[in-house]
Structure formats: structure tokens, C-alpha cells
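Colleague: Features from TrEMBL:
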type	residues	note
TRANSMEM	25-44	transmembrane segment
TRANSMEM	51-74	transmembrane segment
TRANSMEM	80-102	transmembrane segment
TRANSMEM	109-133	transmembrane segment
TRANSMEM	139-162	transmembrane segment
TRANSMEM	183-203	transmembrane segment
TRANSMEM	209-230	transmembrane segment
TRANSMEM	237-257	transmembrane segment
TRANSMEM	263-283	transmembrane segment
Amino acid sequence: MAALLVVGIGLPPLGAVLRPYVTEAVFLLLVVSFARVDLVALRGHLRRPGLVLAAIGWTTIAVPLLYGVGLALMGAPPGLALGLMLHGIASPMMAAPALAALMGLDATLVLISLVGGTMLVPLTAPLFAWIFLGDALPLSPLAMGLKLAAMLLGSLALALAVRRWPGVPALERHREAVNGFNILVLLVFVSAVMGDVAGQTLADPLGVAWMALLALAIFLVLFGATALLFRRAGRQAALSLALMASQRNMGLMLAATDGALPGAAWLYFAMCQFPIYLAPLLLRRLVRAGIRRDAPGSSAPAGSGSAKPPAPP
């Protein structure tokens, strides 16, 4: 997966060609992700509604509020402020359950919290955008909400059709082919986002380095704050939700705004890709230590009920 970042940075012309198709790529990634949801695992975690509702409230309401208040206090430049706020109001990315499973965390808890939060985004994202961005948003909050709802409901409807025909067993049998298709579609998104990074690095290396450090710092703060907030649920659950909350679905925000964002927002989104794809390496030791120290009667075994690896926007 990290090789996609290298391709995106190393082939800027490819990014220029593929950028107009970001919305279509995000839609297809959503379809595949919804089609591969493990419904049995999803129903199983409905027995823990308190924890799930708390996770949904944190990632869809509390996190955007913290972003908005933080931006108001720090006085970021308009372009960067737009990118940061869109990052904050986004739902967690659809590949979070797969990454959680890869790291030995509770993928089913991540899955049900993710699905619940994602379904609320057409309501919460426009509201927070209107409160904290106002006229800086390149489209009206109503238009944003309608587009998000259309993308999510449309991709969900198509995913349900795919689950009927060719059906879930066929998706399982052809898992490698589906994964390959996901990678190709993800290449469209990554190339579009990373296409200008090489040129911007040559033109302003310090500015790009600062943006990369900012993206990494926000990732780590979100991860740490979420882990601390949910620590009483057990280390495995806390780390699972921390991973989910720290990885936001920026592709959905790009699609909702048709990519009509200033250069600073695009650069910030690009820099956010690094902690997303390097998370398994950055957090491996911490996660392993947390799982080893967790109580023997943990509510969910490591990686239980994991979603099949969807490639994220």
C-alpha cells in the first residue's frame, strides 16, 4: 500500500490526469467497502451499544468541535484552516477495520462504530462546516450534505445489490481480484492527492516539512486522546477506537467538495496520507504491548470478525 505513495509522488503527470476522477474513485471504494462488511460481526457488537454510541459521539461530534475551537484559537491561514476543518468533520476511513485486524485489534468494534458514524456524516459535517467555516466552504452546507448523502446511500444501495449478485460467497472466492481492483481504484485517489507533492517540495521544502509534521502531530494527538478517553473499556478497545478516530476519510470530503480546494488544503490532505499508511509500522510496538497487558477476559479477541481489507480513500 505504501508503494502507492511512491507512485503518486514520483509520477506527477499521472496525478494531473486522474484528479478529475477522485469523486468516482471514492464512490467505488465505498461500494467495495460496504459490500464486504461482515454482517454477523456487525450484529455481534450491537450487544455493546454504550461503547459504540460513545465512540460514534466522540468521532462525529466531539472531534469536529475540538477542531473548530482549536482553529479559532490558533488563527490558521484560510486555505490550511479549510483543510484542517474538513479533516476534522470527516468520518473515519473505511479501511480502519482492516487496519485494526492487521494490527491485532478489535476490528468488529471499529466496524460498527465506523458504519454508525459514517451514516451521520451527511448531517454532522455540513452543520460543523457552516458553524466553523462559513463562506470559506466552496459550496453551501446544504449542497454538501446532499452530496454526502447521495454518495453514501448510492454506494450502500449498489453494495447491497453486489451482495445479492454475484453474492458474498463470490466476493470471498475472488478476494484477490477484488483486492487488486481496490488497489487500482485507490491509485486514482492517491495519485490525485500526491501529484503536486514533488513540485511543492522542491519549491518550498520547509513548508512541506512543516505540513508533514503538522499532519503527524494531529494523528498522534487524536490517537492518544482517544486511547486515554476509552481506556476504561480495556486497552484493546481503547487502541482500536484510537486507530479509527485518528484516520479520517478525506477522500469523502474531497468528493463532497468536487476537489475545489486551495493548494494548502490539498497539501495537508497529501501529508495526512503518510501517517495513515505508516500507522502499522509507527504503532506496532505500542499496540502489541497494549494487547499483552489487556485483561484475559477482553470482550473481543484480537482482530475478531475483521472486515475484509477494503482500500481506503
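Glycine is no exception: its Cβ is also placed from the backbone N, Cα and C atoms.
All annotation found in TrEMBL is predicted automatically rather than curated by experts.
How about a rundown of where these features are and what they're close to?
Modeller: Using a Cβ-Cβ cut-off under 8 Å and counting only residues 6 or more beyond its ends in the same chain, the transmembrane segment (80-102) has close neighbours at 29-30, 33, 59-60, 63-64, 66-68, 71, 108, 110-111, 113-114, 117-118, 120-121, 124-125, 128-129, 132-133, 136-137, 218, 240, 243-245, 247-253, 257, 261-262, 264-269, 272, 276, 279-280, 303, 306-313.
Using a Cβ-Cβ cut-off under 8 Å and counting only residues 6 or more beyond its ends in the same chain, the transmembrane segment (109-133) has close neighbours at 37-38, 41-42, 45-46, 48, 51-53, 55-56, 59-61, 64-65, 67-68, 71-72, 81-82, 85-86, 88-92, 94, 96-97, 100, 141-142, 144-146, 148-149, 152, 237, 240-241, 243-244, 249, 252-253, 256, 300, 305, 307.
Long-range contacts of the transmembrane segment (139-162) within the same chain: residues 23, 26-27, 30-35, 37, 118-119, 121-123, 125-127, 129-130, 171, 252, 255-258, 260, each at least 6 residues beyond the stretch ends and with a Cβ under 8 Å from a Cβ of the stretch.
Beyond the transmembrane segment (209-230), the same-chain residues lying 6 or more positions past its ends with a Cβ under 8 Å from any Cβ of the stretch are 51, 54-55, 58, 63, 84, 87, 237-239, 241-247, 267-268, 271-272, 274-276, 279, 283.
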